[in-house]
Amino acid sequence: MRTRNSDFRVGLKGLLATLAVCMSMVSFQATAAPAGESSIRNNSDLTTDAPAEPMKKMVDTDVTFDRDFVEQPPLIPHDIRGYQVDKNVNKCLTCHSWKNAKKWKATRISITHFKDRDGNQLADVAPNRYFCLQCHVPQADTKPLIENKFKPVESLK
């Protein structure tokens with residue numbers, strides 16, 4: 001048998017749920033960019049949909065990039081457009097595996113990539129290191145959008 005108290009609780013829950021939905025709508029609308037603000041990419045108004053810019057040309061060199069901070073993952077010095085890296089295939093390992101690196105004159109993947117999250121040494125690349133592009137990124141040949149004031153670690157110069 002329903003009591004007056006249980007009816008009140010059901011009604012209160014419904015009211016709170018409705019209030020939560022309304023508040024989320026208000027906060028969503030508040031995140032819209034104010035009119036007159038522009039993007040640093042192409043000076044377009046942020047309230048309009050601008051066409052996508054063309055893809056940038058990727059750096060393609062045999063020279064490796066210097067690192068700017070301790071434990072920075074190495075940057076990819078070549079184009080990787082079209083590389084398949086998923087749970088079934090990792091195109092990066094064609095050249096960078098320990099088995100193939102010498103043949104392709106490529107940098108071998110680090111021994112750290114053969115340790116699981118508990119520090120156990122594995123016979124193959126650890127699952128948490130298999131998706132290279134989580135840490136390693138190619139470089140686009142483009143001008144910076146804003147001035148970069150970052151200074152690398154002195155010991156890495």
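Including glycine, each Cβ sits where the backbone N, Cα and C put it.
Given the structure is predicted, the values throughout are model-derived calculations rather than measurements.
Residues annotated as signal peptide in TrEMBL: 1-32.
According to TrEMBL, the heme c 1 binding site annotation covers His78, Cys92, Cys95, His96. Taking the Cβ of His96 (heme c 1 binding site) as centre and 10 Å as the limit, one finds 22 other Cβ atoms among all the protein chains shown.
The heme c 2 binding site feature in TrEMBL is assigned to His113, Cys132, Cys135, His136. Taken residue by residue with DSSP, His136 (heme c 2 binding site) is part of neither helix nor strand, so it is coil.
Within 8 Å of the Cβ centroid of the heme c 1 site, not counting the listed residues His78, Cys92, Cys95, His96, the chain contributes Ile76, Ile80, Lys91, Leu93, Thr94, Trp104, Ala106, Thr107. Of all the binding-site residues listed here (His78, Cys92, His96), Cys92 has the Cα closest to the Cα of Cys132 (heme c 2 binding site). Note on the binding-site residues Cys92, Cys95, Cys132, Cys135: the fewest other CB atoms within 10 A surround the CB of Cys135.
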